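Visitor: Checked Swiss-Prot, it gives:
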- 98, 105, 164, 167, 177, 180, 192: peptide antigen 2 binding site (BINDING)
- 206-294: domain 'Ig-like C1-type' (DOMAIN)
- 353: phosphoserine (MOD_RES)
- 296-305: region 'Connecting peptide' (REGION)
- 1-21: signal peptide (SIGNAL)
- 22-305: topological domain 'Extracellular' (TOPO_DOM)
- 330-358: topological domain 'Cytoplasmic' (TOPO_DOM)
């Protein structure tokens, strides 16, 4: 692992066009849920840099404002929070109208509760330049409208979404969002990475071990654990006699541990007495080399075996972690190729313009 002091010194020297270690992302998740007979829809907006939530807005709060969710954001001035609060409130009002509009598109009654979600963001490549952008809408937990990888056109999932697609095309919304994603979003992501570099650019290797859980006299479950790692991207695989064993592997989603790190496990059912034929392989950018684990009986500690896999080099590679958000709908995106960017005005909202009408 790269020495922490050296990493900080290198970070100080980084300019906007210089190389960051690995890729990084800035994403916003906005969710609105209608509440028939109970007033305005509930609206929540959260922002993430890589795997770290750094801002949040909730219109059910006693005093609804965009607030910091990461220590490195607490020193931002009132101008920033006023601007981001206005942007969130504007988006909440547009969502209120959009929920009513979509209910009409689908011929739904006013009695039911419905959910509208909007995710948008940008990603930097290892060279610190724009790599891809994404924007997606979902209605009642299902994809609705997606900005295509070229950031110039939309994909609608049904006839109702085609109405929104046509309205977006008429208003040149794709062009507006492309400008935000390629310019303003990138500039803010650089700023956040600089402000939170001690947290966002650090590597925390996983603590690994294997546990044994008898099922019957004939079978047992081997569970491979990875705990306390950052960033969230990690690979856990089981092998039998050196060959991949994925068909019967149970793999859980990477989960936040509550302390800024993540945890994950992968399990496989094996015949009793054949446990030593199975190995768990762990890959994470915080590890200098992949780790191979075998289960050891209780009388012996679990001993990690450093596995040197030919052609696999992890040193110096940092992969952007998966965004873990408390939202109903989430979809993985991939997009276009990188390019240069122009400097955006800091007066622009980090969230971009408010959501457009559907």
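Backbone N, Cα and C atoms are what each Cβ position is placed from, and that goes for glycine too.
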Visitor: Once near-sequence residues are set aside, which residues in the chain of residue 164 (peptide antigen 2 binding site), 6 or more away, have Cβ atoms under 8 Å from its Cβ?
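Guide: Counting only residues 6 or more apart in sequence, the Cβ neighbours of residue 164 (peptide antigen 2 binding site) under 8 Å are 105, 137, 144, 145, 156, 358.
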Visitor: Just to confirm my parser: what is the rounded mean pLDDT across the domain 'Ig-like C1-type' (206-294)?
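Guide: Over the domain 'Ig-like C1-type' (206-294), the predicted model scores a mean pLDDT of 93.
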Visitor: Sort out the sequence-distant neighbours of residue 167 (peptide antigen 2 binding site) for me: same chain, 6+ apart, CB within less than 8 Å of its CB, listed by position.
Guide: 357, 358
Visitor: Which one is it: of the binding-site residues 105, 180, 192, which Cβ has the fewest other Cβ atoms within 10 Å in this structure?
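Guide: Among the binding-site residues 105, 180, 192, the sparsest Cβ neighbourhood within 10 Å belongs to 105.
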Visitor: Reduce the DSSP letter at residue 98 (peptide antigen 2 binding site) to three states and note it down.
Guide: helix
Visitor: Rounding to the nearest whole angstrom, report the longest C-alpha distance spanning 98, 105, 164, 167, 177, 180, 192, listed for peptide antigen 2.
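Guide: Site span for peptide antigen 2, by Cα atoms: 39 Å.
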Visitor: List the same-chain residues at least 6 positions away in sequence whose Cβ sits under 8 Å from the Cβ of residue 177 (peptide antigen 2 binding site), in sequence order, or say none.
Guide: 120, 133, 135, 147, 151, 352
Visitor: If you count Cβ atoms within 10 Å of the Cβ of residue 98 (peptide antigen 2 binding site), leaving out that atom itself, what do you get?
Guide: 22
Visitor: With DSSP, how much of the domain 'Ig-like C1-type' (206-294) is helix, how much strand and how much coil, in residues?
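Guide: Helix/strand/coil tally for the domain 'Ig-like C1-type' (206-294): 3 helix, 51 strand, 35 coil.
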